[in-house]
Amino acid sequence: MATASGARPTIGVLALQGAVREHVAMLERAGAHAVPVRREAELSEVDGLVLPGGESTTMSRLLESFELLEPLRARIADGMPAFGSCAGLILLARQALDGRPDQQQLGGLDVVVRRNAFGRQVDSFEVDLDFAGVGGGPVHAVFIRAPWVEKAGAGVEVLATVPAALVPGDSMPEDPAVGEPEARIVAVRQGSVLATAFHPEITGDERVHRLFVELVREA
Ligand SMILES: NC(=O)CC[C@H](N)C(=O)O
């Protein structure tokens, strides 16, 4: 279902929970035709899929009850481009630390994420980040009970990190395994799978969505 370069690809937004409307609006601004996806038949029509923020355990349960888990795993394994933000990053990860036992992984990214990593002490924070592949200056990143990427495999390109000095000082003081604040990975790409720990859909800046639309065009 490859879309010719310059064409307007059809990109789905998984619409079980979370910031669906915001992603639809940003994808449209970034040059895609955006549609909500709740059923397998809708999934089969899209050239790429956004997995929005929300609550990853709930979304994983909803994927099962809507009978989307296996079809979505199959499409991702088959190379469908996907973009996960926050809870979407958690779902795409190979493994989620601090997940519930019934949390399902979609497995498009060879990363280990830590859920609510920044959010133990601060529910949200905002920073300006350099973002590889996004021109035009730093991206304003809004983190809401956000995960970070704790381990990234060799095939994973790190696109953005929060520098140690900007990591909220008291994040996870109670976990000795985590230690002193250090730079944290918050945006990655592996092939045509893109993910951010933050929420580019709510800042009015569609550059990250443009990057994803390009990945879909190239796929
Ligand atoms: N804004 C978000 O998507 C938060 C993610 C949520 N803390 C989770 O673990 O799923």
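Quick reminder: no glycine exception, Cβ is built from N, Cα and C everywhere.
Keep in mind that TrEMBL annotations are predicted by a computer and have not been checked by a curator.
What TrEMBL says about this one:
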type	residues	note
BINDING	GLY54, GLU55, SER56, ARG115, ILE144, ARG145	L-glutamine binding site
ACT_SITE	CYS86	active site, nucleophile
ACT_SITE	HIS199	active site, charge relay system
ACT_SITE	GLU201	active site, charge relay system
Of CYS86, HIS199, GLU201, i.e. the active-site residues, those within 10 Å of GLU55 (L-glutamine binding site) when Cα atoms are compared: CYS86
Cβ under 6 Å from ligand 1: qualifying recorded positions of GLU55, SER56, CYS86, GLU201: GLU55, SER56, CYS86
Local backbone state of ILE144 (L-glutamine binding site), from DSSP in three classes: strand
Separation of alpha carbons, GLU201 (active site, charge relay system) and SER56 (L-glutamine binding site) (Å): 17
Length of the line joining the Cα atoms of ARG115 (L-glutamine binding site) and CYS86 (active site, nucleophile), in Å: 9
Proximal but sequence-remote residues of the same chain as GLU201 (active site, charge relay system) (Cβ under 8 Å, at least 6 apart): ALA19, GLU22, HIS23, ALA25, MET26, PRO52, GLY53, SER85, HIS209
Pairwise CA distance, ILE144 (L-glutamine binding site) versus the residue listed as 'active site, nucleophile', rounded so that it is a whole Å: 8
Cα-Cα distance maximum in Å, computed over every pair in GLY54, GLU55, SER56, ARG115, ILE144, ARG145 that the record assigns to L-glutamine: 13
Alpha-carbon spacing, CYS86 (active site, nucleophile) to HIS199 (active site, charge relay system), which is rounded to whole Å: 7
Candidate with sparsest Cβ neighbourhood (10 Å radius) among CYS86, ILE144, the listed recorded positions: ILE144
Cβ-based neighbourhood (8 Å from the centroid) of the L-glutamine site, residues GLY54, GLU55, SER56, ARG115, ILE144, ARG145 excluded: GLY53, CYS86, ALA87, ILE90, ASN116, ALA146, PRO147
Other CB atoms, at most 10 A from the CB of HIS199 (active site, charge relay system): 24
